[in-house]
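Report on the following structure.
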Amino acid sequence: MTTSHIDSEYQASAIEPQVQQDWDNRKVFKVADTVEGKHRYILSMFPYPSGKLHMGHVRNYTIGDVISRFHRLKGETVLQPMGWDAFGLPAENAAIAHQVAPAKWTFENIAYMRDQLKKLGLSVDWDREFATCTPEYYHWEQWLFVQLYKKGLIYRKLSTVNWDPVDQTVLANEQVENGRGWRSGALVEKRDIPMYYFRITDYAQELLDDLDTLKDGWPQQVLTMQRNWIGRSTGMDITFPSANPAIYADGLTVYTTRADTLMGVTYVAVAAEHPMALKAAALQSEAGNPELAAFIEECRMGSVAEADLATAEKKGMATGLFVKHPVTGEDLPVWIANYVLMSYGSGAVMAVPAHDERDFEFANKFNLPIKQVIDAQGADDAAYSATEWQEWYGSKDGKLVNSGEFDGLAFQAAYDAFLAKLEPQALANSKVQFRLRDWGVSRQRYWGCPIPMINCNSCGQVTVPEDQLPVVLPTDVVPDGSGNPLNKMPEFYETKCPSCGGDARRETDTLDTFVESSWYYARYASPDFTGGMVKPEAAQSWLPVNQYIGGVEHAILHLLYARFFHKLMRDEGVVQGNEPFTNLLTQGMVLADTFYREAENGKKTWFNPADIELERDEKGRILSAKYSGDGQEVVIGGQEKMSKSKNNGIDPQAIIDQYGADTARVFMMFAAPPDQSLEWSDAGVEGANRFLKRVWRLAAGFLEKGNQATTIDTANLSKDAQDLRRKTHETIQKVGDDIERRHAFNTAIAALMELLNASNKFEAKDDNDAAVAREAITTLLTLLAPFAPHLSQTLLTQFGLELTTVEFPQVDESALTRNTQTIVVQVNGKLRGKLDVAVDISKDELLALAKALPEVQQFLTGPTKKEIVVPNKLVNLVV
Ligand code: ANZ
Ligand code: ZN
């Protein structure tokens, strides 16, 4: 059965290209758009074509590949696709830096990275590959946009952006550094421009509720992050009637989750953009007081990020207007405060400085009254202080005080009582509020999916007719950084209004790139389909994704948007089911050592681990580190996430070139459980490589001997052969469970290492033994295949097995049971001998054998007085 001679030593560089070529030639990982029988869809988050692979990619794609290959061994049809998240800002930045069109840059990167991915040995159906920047893909994104716009699920409204007045361009938040444009250095301004929004808030409740259906398949932590982001809160809208109806007729409505503190309100605060603030500013400006208007402008210029607002220094100004307390009728001043967001609730808060930390800080700063209305119960009888904030002031546990008729009520009773009093006067109603905001998708950028809208002076916004889709993005454009180049291309924007036929202007904004990554998983089911987003039979066959794998940095936005899109597509009749990803695995970070030198001025220079020579003691502990460039010492900075800023990224290509993909894969899977941080270690990589070399030698050594026996006569196995068989079948059981149920790839590999050791120790003395050894080795190679597929395939071929058709081995239950056992024989409690006997031996037989042992007989000086048998363990003869 041995088909050809193989090298006695493992040579990854010799076998990996051959095996990969074989997969390509035979298209062994190709699947059809429709499938019958057991099947599974495994997806690792697709990469952005940044230039080259990093270790995070390698880890992500290896995990997905191990799971895919495992299920293929189990006889299932597995879809594992790969593609490119190809629109986005880095391509435009590269264009500006190197005068190259984003399309060209992107496709060159894709070509390079595709080659790298292939070298990793992924079992991907490459015929399904696509890049999201192609019209064939974004055509259907535009189609969906049009449907949603017509349904009212997309709308247009003014919103504030960062504007760089020198580059004449909109900046993303991360392009603003200390209030200045990252390229021009100009002071950034705020501008209001029209943007398109997806009405994701319409789905807020469903997005929240359906998290419950994912509780067995998703990490708890990710579910919590999604829940918090959606941020459902229940509270009350309370209206404070105007005290100056001549100036401002409507009252002021606030949203509160602490209606119980109503009697403690000492002022109300509105956001700078609130109509009441604007009204007051206009009035004062007319009267020759421009301060309020100036203050509003100052607030508008500040950061729009919510996190910044919460921690920023409290700023405020009185509007000069008043409202009436809805219960007492008392006049309360209306302030503008920078901690109130226009986009949450009603853009106004009832301030209760005694029980809310932000109000407390604000009241102290501006000398506003503070009135305690909740007692200090549960706070060790500590007294309330009007000058120092205590954590428990914000607590809901306590009874009302200083609240007149409401005194003594607890939270819920107080809520009910205020509602009962104010609702009949139309001054209050219960309200459910979500933190989630509608999703603004317009980007004033070139390298993105064109928004399929036309602006007509007479008709307003008109959708591009479906038969004119896709709106194709021109690809031969090199942006220069001064605004969106599409705005300078009449050949792109000049068009006719589909509605009135008059001259009109095509929308030049493009979509947020999160839109492309929100539905790519569905497109993979039928990537070439020209009749819609997904072919119905393909969606039916492959969706939802059974196992999704990716970084925890996508735990909130990407996953939320993809979940939202699945529901949008479902409601459009494109897909079925409510959720796109049944199971989610979030992989941990890849860490590596950091090394640096610190200059006099404290500035650190970081050295790449590849350029560092380590000196170790005999136990392998690092004594010192030297930069190979100058032989001088550097400081050891400890393990950190691989990043450009710490210069501690290790290039996967270098590892693959030196050791091969199988070593890189085995190291990554062995070094840590997939959801934990993985510490890069050269020693670990070498260890993985040694393991594979030993597997190779074991197999090559066996083949060398040329024994062809395959039939195991289980009734006549030596003790050693029985032990090896038991180990083989225990390993099958453990590896299967570790991969499938626990995703504990590291312990699966550890079990394979044990099987290797047991096989190495075993010496075959006859054909039966050789058949047992063959079984152990082919099992080892098969179980190793998900991790080291090139090595496995190459060696299995030598055993007459074909990896792409071989099946995951069956556990032989009978091999797991121990047939023989070792029994200790004592005389008068002292160990005198040992017996290997069948497990089902009778008591009489065992005693007879024990007494017959020569090393025992010499101590049996007379007839035995007592004969003690502890089953499966020992015999004690007392004389
Ligand atoms: C009075 C009060 C007293 C409040 C107290 C809190 C504690 P969540 O739970 O996140 O929904 N709020 C309402 N609208 C706001 C806005 N536009 N900008 C900033 N803050 C706003 O938060 C609801 C609470 O946040 C509300 O309850 C309100 O302050 C504040 F001891 O009302 B509370
Ligand atoms: Zn028109």
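Any Cβ shown, glycine's included, is placed from N, Cα and C.
Residues annotated as ATP binding site in TrEMBL: Lys644. For Lys644 (ATP binding site), the count of additional Cβ atoms within 10 Å of its Cβ stands at 9 [all protein chains shown].
Taken from TrEMBL, the feature domain 'Methionyl/Leucyl tRNA synthetase' covers 41-177.
Feature annotation from TrEMBL assigns domain 'Leucyl-tRNA synthetase editing' to 227-422.
Per TrEMBL, the feature domain 'Aminoacyl-tRNA synthetase class Ia' maps to 640-680. Across the domain 'Aminoacyl-tRNA synthetase class Ia' (640-680), DSSP classifies residues as 19 helix, 4 strand, 18 coil.
Positions annotated as domain 'Methionyl/Valyl/Leucyl/Isoleucyl-tRNA synthetase anticodon-binding' by TrEMBL: 723-842.
Across the motif ''HIGH' region' (47-57), mean pLDDT in this model comes to 94. Here TrEMBL flags 47-57 as motif ''HIGH' region'.
According to TrEMBL, the motif ''KMSKS' region' annotation covers 641-645.
Mapped onto DSSP classes, the motif ''HIGH' region' (47-57) shows 3 helix, 0 strand, 8 coil.
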